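The following features are taken from TrEMBL:
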{"type": "BINDING", "residues": "Arg100, Leu131, Lys133, Val140, Thr182", "note": "FAD binding site"}
{"type": "DOMAIN", "residues": "50-165", "note": "domain 'FAD-binding FR-type'"}
{"type": "TRANSMEM", "residues": "12-33", "note": "transmembrane segment"}
Amino acid sequence: MPPIPKSPLVRVISAAGQAMLVTGGLGYAYYGWYLPVRDPRRVPNQLDPHYFRHFTVVDRQPLTHDTVLLRFQDTNPASPLDTNGILSVDVKDPAIQVKRSFTPIPSAFIADPRSGNTYQGSPAATDFALLVKRYPLASVASLLHRIPVGGTAELRGPYVQWLYDANRWSALGMVAGGTGITPMLQLIHRVLANPHDQTRLSLVLANRTEQDIPLLSQLEALQRQYPEQLSIQLTIDGWSQPDAAEHFITTLPLAVGPISRGLLQQRLPSANASPIILVSGPDGMMRAICGERLANMEQGPLQGILQELGYDSSHVFKL
């Protein structure tokens, strides 16, 4: 019997979920675990789904007043993040034994294009970053915000949250709010880094103000390099200052106000094209766009604007 491959831990395991994946739907459940064979030694700076391991912060970039980008380097020869799908890692606050899941950002998005760098399809295999927003009473996020360069964090993973196959859909839409952009960046990278993947991508990114938009320069660079395959639409609830509109400059289209039915109808692939739409963001946005996930992390019924536009549950996945 051949050995089990050393692949990321997959949380999409139930028989019902597998059947839905085979028939074109989307299964998502936590009823079982696929445990790959891994070296039990607790080696630092190497991701493992079974053990929390210490990772050193090699770079730290404040992006907005409440978000920071922390860069790590996995010392595995082959990156465990190189898997078809959207992956997450757990970060632990050892003081109170609490963990929280984060979606790593590919290293292609770490460099600022304004420094002369542009998006590359094949980034360094071992670099990844976490985009962390500080919330009141959020212990893990607060812990990460305090870690300086050279400090360490305890990480475990990766885990597959959603599986993706190249060219499975002709069009893929994404609606993200705030740090909900991170799983979308993973997916955008996987599609654009594969020259054989012709999937057309549409992203609607919502934030409170223009000052809260993370990785704006990187998003602008992506749009410039892939104008035929990628479409990005920004929205903000309002301006940070009365005169902010006079000074804010971006090459991306920007709408002011809550995400509307008309905007999504214009920017997302039509339900008639049988696309897939991914949604990730704060609870209020999820309720308005597609309905929240259930307490047991199942998808729950499709509601909100996407239901009104004619999409059904086979078209939408909530991250």
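Keep in mind that glycine also has a Cβ here, set from the backbone N, Cα and C atoms.
Owing to the predicted nature of the structure, the values given are computational and were not obtained by experimental measurement.
Leu131 (FAD binding site) is surrounded by 22 other CB atoms, counting those within 10 A of its CB over all protein chains shown. Under DSSP, Lys133 (FAD binding site) is assigned to a strand (E or B) in the three-state scheme.
The most densely surrounded of the binding-site residues Arg100, Thr182, judged by C-beta neighbours within 10 angstroms, is Thr182. DSSP places the residues of the domain 'FAD-binding FR-type' (50-165) in helix, strand and coil in these numbers: 14 helix, 48 strand, 54 coil. Cβ neighbours within 10 Å of Val140 (FAD binding site), excluding its own Cβ and spanning all shown chains: 21. Each of Val91, Phe102, Thr103, Leu130, Val132, Ala141, Leu144, Thr179 belongs to the same chain as Arg100, Leu131, Lys133, Val140, Thr182, is absent from that list, and has a C-beta within 8 angstroms of the C-beta centroid marking the FAD site.
Taken together, the residues in the domain 'FAD-binding FR-type' (50-165) have a mean pLDDT of 84 on the 0 to 100 scale. Other Cβ atoms within 10 Å of the Cβ of Lys133 (FAD binding site) number 17 in total over all chains.
Of all Cα pairs drawn from Arg100, Leu131, Lys133, Val140, Thr182, which the record names as binding FAD, the longest spans 17 Å. Under the three-state DSSP scheme, Thr182 (FAD binding site) falls in the helix class.
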